[in-house]
Amino acid sequence: MFDLLGIPPQVLMGQLLLGLINGSFYAVLSLGLAVIFGLLNIINFSHGAQYMLGAFVAWMLLEYLGINYWWALILVPVVVGATGVVLEKLALRRLYHLDHLYGLLLTFGVALIIQGLFRNYYGISGLPYQIPSQLSGGQNLGFMFLPNYRAWVVVASVIVCFGTWFVIEKTRLGAYLRAATENPTLVGAFGINVPLMIMLTYGFGVALAGFAGVLAAPIYSVNPNMGADLIIVVFAVVVIGGMGSIMGAIVTGFGLGVVEGLTKVFYPAGSAVVIFVIMAIVLMIKPEGLFGRNA
Amino acid sequence: MSVSDIQATENERRPATVGMSKLHMAIFAVLFIVLAVLPMLVYPVFAMKVMCFALFAAAFNLLLGFGGLLSFGHAAYFGGASYVAAHASKVWGWTPEASILVGTAAAALLGLAIGALAIRRQGIYFAMVTLAFAQMVYFFALQAEFTGGEDGIQSVPRGELFGLFPVNSNEALYYLVLAVTFGGILFLYRIVHSPFGQVLKAIRENEPRAISLGYRVNRYKLLVFMLSAGFAGLAGATKSQVFQLASLTDVHWSMSGEVVLMTLLGGVGTIFGPLMGATIVVTMQNYLASMGAWVTVIQGVIFVLGVLLFREGVVGVISRWIKRPL
């Protein structure tokens, strides 16, 4: 077998796969942030908590109601998205006329509430969630062992990301959405219910976070802090990519996951901060972000 | 805007630009007297904690309330300075005032570096950039040798002020902390009411206009960021001497959130709001400490209610009632 700079290929491929999986989560989460930001102009600070909520709801469905992973994959985004709709209707809606920073502060408070509640009732030790039987085991590819579930996470994320991209960029509904991003008043004048659209968009962005949570549940242990640190990395991903384009968020998410995986191979100590370092470099060279349209 | 309006604005502005208003002077005087006798009434360590956080919140408010910049990573400067000061006291054997100064300087330098990058983006992005860099500082504190990882730097000696006066007892240290934090807050007051502070407000209100008037906006933003980081560092360094400890709690993102909460609750852009907010939050944490994660939930609820219903903050509301800036 070939060796690359003294790194055995199994290690390299293993870390690349891990990077790709992290990248899947970065992509789905930053996509959700970008969709919400596009229409609402707020940064959804509770995105990490809503991702955690997704994992917990999946766990509860299995534990209390015996509903399996595949149903959870459909039900959880609906449930978590519904909580988002309620949040938008009760609270966020009242802040649109104010400085957008208030939206950030409000959702930060919401994140504290959700995380605090789950810490109270479930502790911080983490709960196990079984990989569904259809996806247990793995494939021996000769140069490495590929666990089926991990391959599924990457495939599922890619499908969801491109599905979202397709809806927003290529359908009539997406066209309304993009138009409302540019000029909500004018779109409203054409008889489209813009407040409803904003509400559902927020719900959809939050549902994406919930979906990522279900995907994550069998890989990472389900615990109340799982979203808190992740979301800060996703913020850095969003700053690097810029939130101007849907495709930009997806590409940056996967790309940075892979870069992080490679860093783990070649310079393990730097893997925790490599994304922040890239953010610093991007801010110096292209402050509006790689795919950003304006600063 | 008519001429009379401009005249009215000018009249409103004048007292603020010429020295300290009588009302503010009176409040500071009362505050000082209360603080001077406070150790006889409450546990001095608690009072010192409140004072450190009051300075931290006031430093943060300089940036948000007067510079209009929301940093979500101020824990980096607060906690960073606390690590440097604790290290200087414990490993290098420096005296308290020297440790506090080197911690403050380190925070100001860190603020200069991060600020130079962060001011390249605005609004929401600015908040995310500062948060991300603060997380980088957190990871550094978690992994570096000198910070002691999960343990932090423990049993930091309090030493002797200027190498002469021992400040080992809580009572002696109290008056050092009082001098440092009160001095720091007065200094911040002076900055806000200086010509520099006026330019800051102009930038906050209308950045393109400030640029068109010939101000180099980015230099002002960078300087206020560095000052805010430095004073946050002063608060953190002092806190490390009080608790004889520097730990990951001080650099964690939840600390950045807490200082936002204090400022929001007290009143963003007011002089006394951050002091009030810090007092309320620290007191609340003190009494609710036994409730574990419920404290987080309560803080979250206060955040949500504060943003929805109470954006002026406690001092902001009082200020509106008495129709005087506080």
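Glycine is treated like the rest: Cβ placed from N, Cα and C.
In TrEMBL this protein carries:
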TRANSMEM  A:12-35  transmembrane segment
TRANSMEM  A:42-62  transmembrane segment
TRANSMEM  A:68-87  transmembrane segment
TRANSMEM  A:99-118  transmembrane segment
TRANSMEM  A:149-168  transmembrane segment
TRANSMEM  A:200-220  transmembrane segment
TRANSMEM  A:232-259  transmembrane segment
TRANSMEM  A:265-285  transmembrane segment
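Note on the transmembrane segment (A:149-168): residues 17, 20-21, 24-25, 27-28, 31, 35, 131-132, 135-136, 139, 174, 177-178, 208, 211-212, 215, 218-219, 246-247, 250, 253 of its chain, located 6 or more positions outside it, place their CB under 8 angstroms from a CB of the stretch. Tertiary proximity for the transmembrane segment (A:265-285) is limited to same-chain residues at least six positions away from its ends with a CB under 8 Å from its CB atoms, namely 5, 7, 11-12, 15, 233, 236-237, 239-240, 256, 259. Beyond the ends of the transmembrane segment (A:99-118), by six or more residues, the same chain brings 40-50, 52-53, 56, 87, 91-92, 224-225, 227-228 to within a C-beta distance below 8 angstroms of the stretch.
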